[in-house]
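What Swiss-Prot annotates here:
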SIGNAL    A:1-23  signal peptide
DISULFID  A:C70-A:C121  disulfide bond
DISULFID  A:C77-A:C124  disulfide bond
Amino acid sequence: MRWPGNMERIVICLMVIFSGTVAHKSSSQGQDRLFIRLRQLIDIVDQLKNYVNDLDPEFLPAPEDVKRHCERSAFSCFQKVQLKSANNGDNEKIINILTKQLKRKLPATNTGRRQKHEVTCPSCDSYEKKPPKEYLERLKSLIQKMIHQHLS
Amino acid sequence: MVIRNERINRRRQVVIIMAPELLILLGAAVILQADLLPDKKFLLLPPVNFTIKAVNLAQVLLRWEPNPDQEQSNIQLGYHVKINAPQEEDYETRNTERNLITILHKGFSASVRTVPWNDHSLQASSWVSAELKAPIGSPGTEIVNLTCTTNTKADNYTHLRPYQVSLHCTWLVGKDAPDDTQYFLYYRYRSWIEECQEYSKDVLQRNVACWFPRTFINSKGRDYLAVYVNGSSKGAAIKPFDQLFALHAIDRVNSPANVTAEIKGTCLSIHWEKPVSAFPSHCFDYEVKIYNAKKGYFQTEKMTTNTLITIIDDVSKYYIQVRAAVSPVCRATGLWSEWSRPIYVGKDDQKPWTEWFLIAVMMTICFILLIFSLICRICHVWTKLFPPVPGPKSNINDFFVIINNEKTGSSETEVISYAEEAGFETLEDSVF
């Protein structure tokens, strides 16, 4: 019965090594994925700015001067907003596509998970509301802040 | 006993039957009451005690209170604040006060009204307005054309703030300001205020520029820089002036540091480091300018990394310059830095020089040979002009003697041949 015993040990060792390399790879790539996504989001916001005149002029929650470590929570408040187009035109489709891309969940980072429990961030309802143009500007400003503060 | 039990049972049954009916009636009454409310037309009343107060340089505090006569309901209320002057702006908030950054030298005016926070079918209340009057002063006495620039320098003294931001502002004196006017400059960044200590003056000893070697400005910050200039004069009340600057628009980015280049074969590799700045290296965009000295053309490349490797097909001297800007990924688009000091790489092409040198040498050799040949010809002419006359005659006599001796005997042939040779030699000598 020696043979199966050794084989099992080898298989277990290989699995441990494999899972170790995969785990290490995923943790180091998490930061890069977040960085790539944030850069994409800046492009999406710039594109949405071109269609600002087609958006419903309703006031939207637009956090400004967000507390440190509350950037993700503030970003989710930006995401919860329903960006509607005022008139039904060709631009409606583009706006919907861009809005969908904006609502995608951000890649997580290890530090993010830890700090969520420590800091209580303001609820989305408590942030002030701004017209769509300023909403997009503040969103871009928040993404820029997230890029150079957390990825330096 | 049995009858009593029956009665009790009946009562229980009645209660069981009646209870849900009572509940239904109660529910209906509540719903009816709720239905009655919209018929009343819920009115939103405007806020009260709306005040505007200047709390700092270019900063005001707007304050209001909810109307005490407002009916209580479960509808969430918010406030729509509208700024009328100096620049129109709108926003909605649930707070009853708001700090606002704005210029004040033109006055400030704003209005507030109550709005439903989530339900948009309800109508908003009427507006309530307030204003801050512009500061007193004779028109035309305030400064004009205020421009400011910031610059980042490394600070080796403290580890807490490794970078220091300096500020330089210039302005022009108001056209109607008296000659004895003196201006004073203050800046505010967040809650820090400083007065200028180093001024530059014009011909009339009036301050026209200001220099702060160190400031409280954080170059990575997103807050506006507020600059305030007031003045004093015996002749007139000087109007103060204030202006807000966005940091990304006035920041003079430093040039990239330690630009080095080397050529290995046909490969030109250029390397540089991020400029002295609080921003990390992934926040910079670069532009590299390569000038080919031999062909005289520029080549520019846009980069986001710190190294450029390019293939060159020319042996020539290259002049290289690099400039940087903070990427739109990290900060709103700003200005490019100055070009770095040009560095030279590569050797000047040796070929033209050597070619010319060889050609010159060949030409001089040819020239020398030509001269020699000319001189030779001249010499021929010379000898022709002045031939040595006596020489040949004496030899001809000997020649005839030899011929006569030849007939007598062969023993004398050696002497004859020698004499012939001697004769020819002298003939040759006389020619040359």
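Here the Cβ of each residue, glycine as well, is placed from N, Cα and C on the backbone.
Because the structure is a prediction, the values reported are computed rather than measured.
A helical conformation is recorded for A:C77 (disulfide bond) in the three-state DSSP classification. The number of other Cβ atoms within 10 Å of the Cβ belonging to A:C124 (disulfide bond), over all protein chains shown, comes to 16. In three-state terms derived from DSSP, A:C121 (disulfide bond) belongs to neither a helical nor a strand segment and is classed as coil.
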